[in-house]
Amino acid sequence: MSEEMNGETFAFQAEIAQLMSLIINTFYSNKEIFLRELISNSSDALDKIRYQALTEPAELETGKELYIKITPNKADKTLTIMDTGIGMTKADLVNNLGTIAKSGTKAFMEALQAGADISMIGQFGVGFYSAFLVADKVVVASKHNDDDCYQWESSAGGSFIIRQVNDPELTRGTKITLYIKEDQTDYLEERRIKEIVKKHSQFIGYPIKLTVEKERDKEVSDDEAEEEKKDEDKEKKEGEIEDVGEDEEEDKKDKDKKKKKIKEKYHEDEELNKTKPIWTRNPDDISNEEYAEFYKSLSNDWEDHLAVKHFSVEGQLEFRALLFVPQRAPFDLFENKKTKNAIKLYVRRVFIMENCDELMPEYLNFIKGVVDSEDLPLNISREMLQQSKILKVIRKNLVKKCLELFDEIAEDKDNFKKFYEQFSKNIKLGIHEDSTNRKKLSEFLRFYTSASSEEMTSLKDYVSRMKENQKQIYFITGESREAVASSAFVERVKRRGFEVIYMTDPIDEYCVQQLKEYDGKKLVSVTKEGLELPESEEEKKKFEEDKVKFENLCKVMKDILEKKVEKVAVSNRLVSSPCCIVTSEYGWSANMERIMKAQALRDSSTMGYMAAKKHLEINPDHSVIKALRERVEADKNDKTVKDLVVLLFETALLSSGFSLEDPQLHASRIYRMIKLGLDITEDEEEEAIASVSGEKDECVPNLVGAEEDASRMEEVD
């Protein structure tokens, strides 16, 4: 046999081979989704040829009719799904069906192994392989206008064969033949196929035809009658018929007596999806079930949608739209390579393109749906769309309707909780990016607070609980609720009875940079300088006195720490902590610095000027600070002061959420303090080290005047 007959054999890419093995060797109850996936792929191929034909009409000369055809063959145990779409070249078959893994292949396998439903397969871009749920062999013949007809064949044994074929039926498009497994022949039944198409694919925008077997009555003569008929016909041909009277009528009666009726089987195509596009219908006439089915066919989701918005706009421009909020966020929602959104654009019921970036801002990329415009030209390109004023108006309306939809979701507390768990990052990204709708979006924010630790609260509810003398909204950003709740920064604010908002999502940092105020109340971080708490005259007086009293200590500490801090000041925010590190109002917070340091592709030049300018604030009421002041007042040149100040500073860095530049040095200071507390002298330590290593330890810095001041250290404790 020639190579053309044998074909070329290719190995499946490793991840695809693993996926197929998982599909074949694991039991799944809802195998019917294979048909939905194959029909969906056919629909995509038809979309592509129709879009191409808008600018190149000659592309349709190989077949003007666009449809999907399903043909079951019980005798051969095969099920064929054919479309007249764009087709695939030989290279497409090799790459798309085996040698190049889609980005979602690995993610889908991980999801499956974690217990996810097989019906999610379409969301990960690997729906074709679901064919192996019901087939032990799959043959794909495909004809692209730019290539000959090629056939892909595999029994999922780790490889596939590509060969050139001649298929007169396939002038353009793809024909997938599934060799159905012995225990899956139910999928060859017309009833079952109709049921699946109605359930999953009735809103596909192209005719789905099913080749059905039907019966009709046919009159046939018995054997004798057949012979007589032949003779009579022969005689009639030889002579002319002269009599047309009684004799003819008698002949006719005799003829009728000799005929019998039999059931004749024949095949014809039956269209399964005659429903007109759902978005063109009146919303009042559409049931929730119909919306759910359309959503599933549109999105490849296996769950119902969370909410829907169906509307039309008339006036200077006309368009209809149907928008859905899913139950859960897709696995790759914020991946850079992900298509921007899932909105399909139609012009006068003709599909133009999917994932139309210009229709929705990026923060609403989770919204799925269709937009059907009456005003855009049919042959519009992506480049023209970017300049289209019509599209800008449509986009503005869509965003407005999405916000209305979120309002409707918020009316049901449980539904909004589900929504917020999945899409809170999108809302916060919107606040960061969309200045026009920032105020409206802020109404959807929910946070845990010092007064509401079990249930999230809105900014509106926070404002309603504010004290009479409270003029600002207080918040703290951090890594976790536990960390911020026990932070030194919230001590006095909470002690005064003011509520503090806990922001623990990394994106909160970006969000709050843009959200400066809510309802006329300024948002203030309790970790930054300039925190003003309502105070009585007595408290103000005490604070001023403390500033004077500790002025000298602040100066000494600043001299010791030098460039490590911008300034040292008396604090009005601490209760039980001796000191803390606050940042300038316009620089990064400790949490933001942590986030930025974690960015693999960060701009290191930004770190220089945006990194927090650190201010050390001391608590004038804390015993450690009081004792330290006394020591400085007694002897400015006290050798232990420097080590104590550095240790206080480094500990404050850690408790304020910063990282240490030299953790080892800090650790050695702590160990040295422990030794002092245990009355271990330097000589004893050196002897112990020497007995083990034979060398004196020179890597750990000595505390200045440690031995002579060991007793005085205890006073500070």
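Each Cβ is built from the backbone N, Cα and C atoms, and glycine gets one as well.
As stated in Swiss-Prot, the feature region 'Disordered' covers range 690-717 out of the listed 158-185, 270-297, 410-437, 690-717.
Cβ crowding, taken as the number of other Cβ atoms within 10 Å, peaks at Asp83 among the binding-site residues Asn41, Asp83, Phe128. DSSP assigns Asn41 (ATP binding site) to a helix in the three-state reduction. Mapped onto three states, the DSSP output places Phe128 (ATP binding site) in helix.
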